[in-house]
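K.L.:
TrEMBL lists these features:
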- His163, His212, His279, His451: Fe cation binding site (BINDING)
Amino acid sequence: MTSQNAVSPLLRSLSRPHGFEPLRVEGRLPEPLRGTLFRAGPGLFERFGASLSHAFEADGAITAVRFEGGGARGACRIVESAGYRAEEKAGRFLFNSAASWLDRMRAARAATGKTTGNTSTFWWQDRLFALMEGGLLQEMDPGTLDTLEATDLGVVTGAFSAHPHRVASLRTTFNFGVRYGSKMLIDLYALPDEGTPSKLGTVEAPWHAMLHDFIATERHLILFLGPVKLNLLRAMMGLADFTKLFQWKPELGARLIVVPLDDIQRPRTFELDAFWTWHFANAFEEEGGPSIDLCRYPEFSLDGIGEVEGKGPPPVLTRLHLDLKAGKVRETKLFDAPCEFPQLHPRVHGARYGALFAQTRRQGADRKYPGITRIALDGGSGAEWAVPAGHVPSEPVLVPRGEGEDDAFVLDLVYDATSDHSYVAVLDGQHLEDGPVATVHFDHPIPVTFHGGFAAAS
């Protein structure tokens, strides 16, 4: 077991995979809340007597909670991808840093990898996919969480990132995928709510970088390249564990690549001082160009992911104002407290908006992000649910009730360290400070989850 696993209860392997079964409910579930919450994260940190160097390498686990008629049923299943099944057959790791050097070389030579599905879930056209940073879409059965086959949807060239973003007014979800070779190429995709997906085009990156998230508006796709360089040779030769493949090079600065949706082959590049972001909140068009909201870190680190206590400098919710004509960028801090995993009402994705929900940490807090906060960006009132001591929240998921940006149920998967189990808190977005109207309890802990979503009952 790695030292990272030793200090965090969220970095333990899923103790009891299971299908849908009744969950204990405390309080009263809202009658209009009908559908399924899906969450994705790493699920297996040790296999075959070996531990992994980082959570990002782990086979994924999908957690689901189905809300139906005042009751709830839950499931947790490992993503049993083709790579996972090959390893089970071989009785050893074949693809990651815990694999032997020879097995890593074989995988690199054959250009094969494992689609772990350990980062997010994606619900599109009544299909459920588990996503990771650099693989195809791993399809899952939403009714059972059985693992189906990986798919390229007929258009994905090599990879489909774990952070697709939908623009509500366009009724289209956009995403990117990275291909590493002599050059780093970024493929861009569009997936309409109805109809077939398409590849929009490809742009070239200035260096081999980690590209984690992006954002979309009604007119542009916006890619962020921080000064984090991938050692491609070490990666291809299997010469280092995951944490040693990336180097922080602040002298490079950062780049924003702004791609017009109506002219994909003519991107604009903006140079910025060095910083890092894991997650965007939103972006929207203004008179001079897009404004982009993100969680800004002063530097890059892979430490502390999935840990309960915060490490390193915290992120600041920041707005970048782009002036396309002048080629300049201006920054504005949007919120005083550190925050991460921002989420907003689906109606305003890709458009001007006034409120978001996020994990936050107030000054003096002894835990990483002990609050779920509604942040008002337009002068309105904010609110916070202060999570009980010993409880660790995750990314909030919004389930719309009406058109108001706070008119939503807020679902949050929480780990309770005092009893070593996990539960879903159901909050009213308009009365966040009142705490959960109901909680839905698993009888076991669930490892850290990164991202997820909600599929409304049809």
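Just so it is clear, glycine is given a Cβ too, placed from its N, Cα and C backbone atoms.
TrEMBL labels come from automatic prediction, so no person has curated them.
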K.L.:
I want the residues beyond His163, His212, His279, His451 whose C-beta is within 8 angstroms of the mean position of the Fe cation site's C-beta atoms, in chain order.
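P.N.:
Everything else in range on the chain: Thr119, Ser120, Ala162, Asp213, Trp278, Phe280, Phe450.
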K.L.:
I want to verify one value. Collapsing DSSP to three states, which class is His451 (Fe cation binding site)?
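P.N.:
DSSP assigns His451 (Fe cation binding site) to strand.
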K.L.:
For His451 (Fe cation binding site), which residues of its chain lie six or more apart in sequence with Cβ-Cβ distance below 8 Å?
P.N.:
Arg39, Ala40, Thr119, Ser120, Thr121, Ala162, His163, Phe341, Glu395
K.L.:
Can you count the other CB atoms that lie within 10 A of the CB of His279 (Fe cation binding site)?
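P.N.:
Excluding its own Cβ, the number within 10 Å is 20.
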K.L.:
Using a 10 Å cut-off, grab the number of neighbouring Cβ atoms around the Cβ of His163 (Fe cation binding site), all chains included.
P.N.:
21
K.L.:
My understanding is the cutoff is Cβ-Cβ under 8 Å with a sequence separation of 6 or more in the same chain; which residues meet that for His212 (Fe cation binding site)?
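P.N.:
Set apart from His212 (Fe cation binding site) by at least 6 residues yet with Cβ under 8 Å, we have Glu133, Ser161, His163, Thr277, Trp278, His279.
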